[in-house]
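Database features, via TrEMBL:
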ACT_SITE  469  active site, phosphocysteine intermediate
DOMAIN    1-434  domain 'PTS EIIC type-1'
DOMAIN    447-529  domain 'PTS EIIB type-1'
DOMAIN    552-656  domain 'PTS EIIA type-1'
TRANSMEM  12-32  transmembrane segment
TRANSMEM  52-78  transmembrane segment
TRANSMEM  85-105  transmembrane segment
TRANSMEM  144-163  transmembrane segment
TRANSMEM  184-207  transmembrane segment
TRANSMEM  213-232  transmembrane segment
TRANSMEM  324-340  transmembrane segment
TRANSMEM  372-394  transmembrane segment
TRANSMEM  400-418  transmembrane segment
């Protein structure tokens, strides 16, 4: 469950980048039309007013797309591979999910017309009751459905990813082979999504009531509620679960609800951005929304943490100051400008619980203080850019000057607390490590980054999955104990989080995209000296046949991939390479292996043998097993299979795009023989 939640948190990040960028445009447009800054001069210029109108239109549409954006993002983020198929299926699933709900609502006589405020008041409801009922529903992509905000998209995305991971390698009988594998996923989504829709049709009203009640409690908790939010948000950073908390507050009723221009809007960030598009926004409502936004982060992101960096520099060993100066300055500048704090935070949160708790407490206190002072600065960044656009440029009504004053006090406090704690408790912050550690770091970084990271993780054979979020690699390994934290630190890692024996996170901060790219490139590009690619061996004994000569168009057409076939003479089938069994058919006639270097092979025993329903096949493995080259996969009763009229010509397909040159067709090859094909 922990791994699931962390993957979900990472998956929710993609839409946020779009919304933050859209919010910056919206902030600029709002500044241009602010009469307190420019009067009515700029907004009266046709080009400027046209730009403002265009921005409002684009951003408004973007907010309407949020549910399906979250759906696609979650489906991509939680799919193990073939992520584009998961994304395609998610769109289908999202539409069918709401169409099914619309159908069941119509059976109860609930339509857009029957829940309109005019209809309800004409039939005896009070205005307040009519508005409350109407706010429970909305029209999404022309489909009348429950008002589920981003929850509908997230739930559908999770369902899509689960179906995708379960069925995207399914192989159907030969006659239906066109619909196998990737093509089978959208079909299964179409078949199964109504089940999810029926469940949500029943439970959503209760779930919605609970969510709204939770939002009411948080809203009613006043400034103390913002302290709890700010404290927990920082406290969850090592786990990555702060992403979930943030998105719930920013985009769901947990972060508040408001009626703007007759439409109910949910989530602190959505409310704030919607009000920015309004020519005469309700400042009281906006101030309620910004309590959970960037106004609480500026004091420690723009001021506090850069001051902590300076304290680390001042307390570094004299001989190491020049070596860490650039790293600390870059981390401080990143936090100062953009609000990305992980490069600083991961330099102390694992080695000093005292400083970590202090930092989390100060974060919560910052949210509380800014709420009490009536500061009104929004968006979801936290650096100087947001402070300028959404605070300073929007005028004194945002009370940005109070935010800056709090920040100055924070800089003083952070500097002195960090300096005192580092010296008092001899905390090994950057520049206070042993000199040989720094020298080793420079030596490794000077080499190829991708290979260095891969070797630090235990080599290719130890890596199963590579993924990343905004600041850290998220990896699945065969054994996390083989990961060398010291070597990872030498590659520039800011911290390592071993979640369990298979899952690990390696924090790199803003350069994580580059590290992930280099690691994937090294993983795919062949081998390192310590991790050689195995020679492909024959999985069975028999006559070697070219793929185009297989008496089954599903294979001879090479629609599934290139390969070869063997007309079996003996009944033992063995693994031609080492890897993970990604598919083992219950009927025992087919096995899919993914190697440690990314190649995938499908071994299909006989033609149309799926029709035997497993009779004649003795399966020796199960899906998910890790097999070594030569391990027995199955034993086949050849005589029985032949008596059933099935040919024992067995295709071996390379499903990841490799080209195969069969060296000598018609040759008799033995089990685990080599040098009979070339893989190009």
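Every residue gets a Cβ built from N, Cα and C, even glycine.
A TrEMBL annotation is a machine prediction, not a hand-curated record.
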Residue numbers, six or more beyond the limits of the transmembrane segment (85-105), whose CB comes under 8 Å of its CB atoms: 67-68, 71-72, 74-76, 78-79, 111, 137, 140-141, 143-146, 152-153, 156-157, 159-161, 163-164, 168, 182, 185-186, 189-190, 193-194, 196-198, 200-201
Other CB atoms, at most 10 A from the CB of residue 469 (active site, phosphocysteine intermediate): 21
For the transmembrane segment (144-163), distant same-chain residues with Cβ under 8 A (at least six beyond the ends): 8, 11-12, 66-75, 77-79, 86, 89-90, 93-94, 97-98, 101-102, 105, 111-112, 135-138, 185, 188-189, 192-193, 196, 200-201, 204-205, 207-208, 211, 247, 251-253, 264, 266-267
Contacting positions for the transmembrane segment (372-394) when only residues 6+ beyond its ends and CB under 8 Å are counted: 16, 19-20, 23-24, 27-28, 30-31, 34, 37, 223, 246, 250, 269, 272-273, 276, 283, 286-287, 289-290, 293-295, 297-298, 301-302, 335-341, 400, 402-404, 406
Local confidence of the prediction over the domain 'PTS EIIA type-1' (552-656), expressed as mean pLDDT: 91
Positions on the same chain near the transmembrane segment (52-78), where near means CB under 8 A and six or more residues out: 7-8, 10-15, 18-19, 22-23, 25-26, 28-29, 32-33, 43, 86-87, 89-91, 93-94, 140-141, 148-150, 152-154, 156-158, 160-162, 164-165, 251, 270, 273-274, 277, 467
